[in-house]
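Have a look at the structure below before the remarks.
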Amino acid sequence: MGPDSAPGPAVPWRKVLWECQPFPDNYVDQRFLEELRRNEGIRQYRYWAVVKEAGFVGERLSCVAIFITIWLYIEQGLLSPETLLWTSLVCALLGYGLHQALTSQVESGCEPRTRLADLQSATIFLSFTFGFSPVLKTLTESVSTDTVYAMSAFMLLAHLVSFPYAHPSPPGSFSLNAALFASVCLASRLPGALHTFAMLSCALLVFALWPCLLQRLRENAPSQFTGVCVGVCIGGVGGLGSQWPGGAVLLALALWSVTLFCPLLLVRLQRQKDNIHGPWDEAEIHEDLSRL
């Protein structure tokens, strides 16, 4: 009900509840819309900045595609486990050196890990993985191949959905566990225990260590980070295309949608946003209550 329903200008309306006034309960005067505020605190996005951040999502998609490509190569006998192990070792050493170079000398609030501690962790993981490779090789013998592939696909999808893209170092526990579970399922379908060990070592690089290095690049070398993401996406499409051209086309479409189309859609829709705030909003208590 608007101001025309007021009994007359002689009695001024006050915005109080403790007085009995000759106005309806839902009455407001002309000052009601004076406190209207639009789009308060709305963040304005720039297209290329959003594309750069979306590159991490595209890079994760491409990493999953590269991992699947490596598994296809080793499953078909086109890649030997020895070659994969030596390649993984060289990549791990190069990545560790680059990570150490990008790591600041002073870590906030904690002591930096020593190289000896990193070597011990790597040795323990590789020893246990190599020792349990024969067990992991026979882990899914009683499960049908279709079921193994379905579980692997579901777990890789869970890895992509639950991955902490904003702060990927270290990767989220659920995301990492889902990826390693899928890796174990796929590795159990390889010919021998050495194949399983090589595949799990590669999975550790792709899903656990690589995101940490990429986060360092994003923080300390933003321009190189963009180039690395583009290179990984090209490698993912090219690698998958060598085994499954249709999958490469689907991956290229997914990368285009995630890294180019969705940011454009976000920026366009952000311009249409129209949030209004006013006296009808719920009251907010700004007093510091921590001392109570």
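FYI, residue positions are counted from 1 along the chain as it appears here.
Including glycine, each Cβ sits where the backbone N, Cα and C put it.
Note that the structure is a prediction, hence the values are computed from the model and not measured.
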Segment assigned the feature transmembrane segment in TrEMBL (from 45-62, 81-98, 153-170, 225-242): 225-242
Cβ-Cβ under 8 Å with the transmembrane segment (193-213): same-chain residues at least 6 beyond its ends: 63, 66-67, 70-71, 74, 81-82, 84-85, 88, 91-92, 95, 98-99, 102, 125-126, 129-130, 133-134, 136-137, 159, 163, 168-171, 176, 179-180, 183-184, 186-187
Residues from the same chain, set at least six apart from the ends of the transmembrane segment (225-242), whose C-beta lies under 8 A from its own: 52, 55-56, 58-59, 61-66, 68-70, 214, 217-218, 248, 251-252, 255, 259
